[in-house]
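Per TrEMBL, these features apply:
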| type | residues | note |
| --- | --- | --- |
| TRANSMEM | 12-32 | transmembrane segment |
| TRANSMEM | 334-353 | transmembrane segment |
| TRANSMEM | 359-380 | transmembrane segment |
| TRANSMEM | 431-451 | transmembrane segment |
| TRANSMEM | 463-481 | transmembrane segment |
| TRANSMEM | 527-548 | transmembrane segment |
| TRANSMEM | 856-873 | transmembrane segment |
| TRANSMEM | 893-916 | transmembrane segment |
| TRANSMEM | 956-978 | transmembrane segment |
| TRANSMEM | 984-1009 | transmembrane segment |
Amino acid sequence: MNPGAFFIDRPVATTLLTVAITLSGLLGFFLMPVAPMPQIDFPTIVVIARLPGASPETMATTVATPLERQLGRIAGIEEMSSASSIGFTRIIIQFDINRNIDGAARDVQAAINAARSLLPANLPTNPIYRKANPADSPILVLSLTSDILSLGQMYDAASTVLAQKLAQVYGIGQVELGGSALPAIRVELNLDAANQYGLSLEQIRQSLAGANANRPKGFLDDGANSWLIHANDQTRTAEEFRDLVIAFDDGSPIYLHNIAEVHDSVQDVRNAGTANGKPAVLIMLRRQPGANVIETVDRVKDLLPELKASVPGGVDLEIQLDQSETIRASLHEVEITIVISTLLVLGVVLLFLRNARATLIPAVALPVSLIGTFGALYLMGYSIDNLSLMAITIATGFVVDDVIVVLENIIRHLEQGSPPFQAALEGTREVSFTVVSMTLSLVAVFLPIVLMGGMIGRLIQEFGATLSLAVLVSMVVSLTLTPMMSARLLRQETFDTPGRLYRWLDGAFARLTTVYRISLDWALRHAFVTLMSLFATFALNIVLFVVVPKGLMPQYDIGKLLGYISGEQALSFQSMREKQQQFTDILRADPAVESVVSFIGGESQGNTGFVFVSLKPLDERKMPAHKVMERLRTQINDIPGATLFLQGPQDIRPGGRPSNSRYQYTLESDQLEDLYEWSPRLEEALKRQPELVDVNNDLKARGLHAKVVIDRDAAIRLGVDPARVDAALYDAFGQRPISTLYAERNQYFIVMTATPEDTRDPATLAKLYIPSKTGAMVPLSAFSHVETTTGPIVVNHQGQFAAATISFDLAPGISLSDAEQVIRRAMTQIGAPASVRGGFQGEALAFKKSLSSEPWLLLGALLAIYVVLGILYESFIHPVTILSTLPSAGVGALLALLATGVELNAMALISLFLLIGIVKKNAIMMVDVAIQTQRESRLSAQQAIFEAALLRLRPILMTTLAATLGALPLAIASGYGADLRRPLGIAIVGGLLFSQLLTLYTTPIVYLYMDRLHQWAQRGWSLGSSSARFTD
């Protein structure tokens, strides 16, 4: 069977097929979405509940726990954690990666509904949920600044106008605002004045709520006309509220302005944002799953003139962070790498074939195969990203292999005197099975990956699919276009009358062949010694796998830094604003920094904040992002009272739990007191380890608390119960929303609280009067006293248990596997009891899971190759010969990683699969010829494999050198995303160079031993059959 014969005889059909493949690829390329990395959706849902003024313990016990009990019954939950702070609870639920997020969202809503009857009755709104993907960072951050308008006014414009328009942009999935809050009317009560008039705070609250209403009123109808009934029942401005009558004192009205300050402000005053040092409101935009980042950003930029026209005058709307810039730069770097790899590969072909006409054939076939791959990728729903383009880069070496095998065999026939058409027919027929075998066995390498679940499986899946599609397209091109072009472009006289360069190169290759002939002959005569070297590689693989540093994903430069500000637990919001300004001033002063935006507060935590740092282009700062972070850490550590934790955000981030540093280790216990004792001990032990930096504990148990201790007997005698005490405290100090103002485009709250002067000191609590059951006003001090203590400002849960998460980052040169050993050693040293359980979370947990699955993945790839080769060769023996080449590639790859100090991470793991595919190709070419020679020429196994090794030396060296040079630009990559590409290239280059040197000798030896085993098995089978016949 000769699949090339049809296409050799039909050049027009072959040309049109080639054009069709190219056009479909170009169409797919321009239609595919663009992203930094493959879309990996970690199905995550965040549930948020608010009860303004409630303590963290109250939020944890009355809100978080009932919700967690219902949510915990949902199927497919991987991890559930919660954080409860003052008046705020956030529950993060991460589902199995294969769980449908929409179905999970319905289950979450049902659980919230089921828990509603168990939640506090005064919860102002039902808990809400939103879908989230922790792997998605904002693609754009916009800022609003003004010298005229307040932060509240800018936030109102952002919320009512900009957020709505931005949410309608195709590709935008979520719009978040920060830096301030919606406008509100704040009623700040003077407790002394209220006491003088004998007014209770609850009486004032009810009067204010009653003075602002917006209810249906009906209509009138006399049979001929109809009137809608309206009333001026809404009080809309602070000025109108000031003149409200709250009560009467001996017939004289008591106005609100007599007992309170009323002014326009914001709903939550514990919020502050800055952009390059100026007060600002921030708008963070996240993309929809699968959306093209670059196109989405471009749509937003096109909308900017309209957005600027829609905000009030005097407001500056600017882009502070643009993720598309680094994505464009990173993808451009990879595209250049593809071009360089293609030129290097074609140079190898020209070097070995020594003929420009012959080189023109792969020069056409290679781009056609690569471009055609994009058409198949588009149909499969993949994106253009760093990983798929890296696969295309590596594919240059794989794709040209098929062309080389076919073309080299055709040229060999031409050199032997066959005419071009005959050489094309015979050359293609002889190697068509080899090409199909190499292609299908390579696809088999990635079959376990394509079927693998989990984060690593999803990540590598696109790479494997891209490479598999590329070699399948290449197989079609090499068996159609290559023989057709060879029959029409190659000339016998070109090889009959070679030039001077041709003769020199031919002489050099002849000398190389002679050296190989002599050394191979020695190896065959000392077969046992050579075989022992192969067994040594098995053992060396195990040793190196244990020794080499390991990680999950390389941390690469995306031109951005993310910072978390954590203030001392008792730090006031005003002091926190000063720290925020100090941190941003230091960051802005660094020569590598282009812009800095930050916001603090929110979620009722006035001592926390976030910073987004946009770095200058890499060619301007001349320093990678991690070096910039190291330089900044030495400066920001000098600020007392608060800490800024910097990390380089990554495009893939498993785990939905936020933390100050990149990696997380969580302690959990049935008793919160155990965590108060043991988590600080572990934190201090880890801070002493030089391998770790930015160690931080999210257990905040040293916040200042003012505890009202009620004498219940005295309270009962005075007619006061705890519910009345709680209501009065909440009215005075809870920042309580008491009514809603309905405007045309938004809704705003009326917030009641005590004056700032009355909320500064626990002694103020003595001013509070509580209405008794008889109506008398009883001072709080008559039946209680105040104790100042320390306690939690955040209560964390992990799977419904009390939890404390210690986050950390790695010191330069330290791998995640090293950090894992350090933490386990520290846990042993502190001697925590069995009731305190520890475990990694987030990326560290994903690393542990991937580490345990890597050997099984490799084993699955080997079994898949064995099955495919066994089917193709109809043999149990010959696939073993081909697989024997693989250990040497593993040794070379691991040695290269160890020598360059690069971790064995997901990218390096991909290279091990690639090496399996590349190295076994060389063995297939050798074994195919040996089997064919044995069958046709009746030579011995040793003679056949000796001749096959010499005959296929040139294509083996060509394919190996092509693959090596194709990966070399990745190994020496620079620019954005270089750290992502480098492990892949280093491992491939190291594995190819080492395995090429060894397998040229071990493959013939293994072939001989396998042939002897085959002969022995056949004799045993024949003897058994003869005995059976004799018995019969």
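Indices start at 1 and increase along the chain as displayed.
Yeah, the Cβs are placed from backbone N, Cα and C, and that goes for glycine too.
Contact between the transmembrane segment (856-873) and the transmembrane segment (527-548) does not hold: fewer than three of their C-beta pairs are under 8 Å, each pair 6 or more apart in sequence. Two recorded stretches are said to be in contact when at least 3 C-beta pairs lie under 8 angstroms, sequence spacing 6 or more; the transmembrane segment (463-481) and the transmembrane segment (956-978) fall short of this definition. If you look at the transmembrane segment (984-1009), the same-chain residues 6 or more away from its ends with a CB under 8 A from one of its CBs are 390, 394, 516, 519-520, 523-524, 527, 530-531, 533-534, 537, 880-881, 884-885, 888-897, 899-900, 902, 907-908, 910-912, 914-915, 918-919, 922-923, 926-927, 930, 941-942, 945-946, 949, 953, 956-957, 960, 963-964, 967-973. For the transmembrane segment (334-353), same-chain residues at least 6 beyond its ends with a Cβ under 8 Å from one of its own Cβ atoms are 359, 362-363, 366-367, 370, 386, 389-390, 392-393, 396-397, 400, 404, 407-408, 411, 505, 509, 954, 957-958, 961-962, 965-970, 973, 977, 981. Sequence-distant contacts of the transmembrane segment (956-978), counting only residues of its own chain at least 6 positions beyond either end whose CB sits under 8 Å from a CB of the stretch, comprise 36, 326, 329-330, 333-334, 337, 340-341, 344-345, 347-349, 352, 386, 390, 393-394, 396-398, 400-401, 404-405, 408, 556-559, 618, 918, 921-922, 925-926, 984-986, 988-989, 992-993, 996, 1000.
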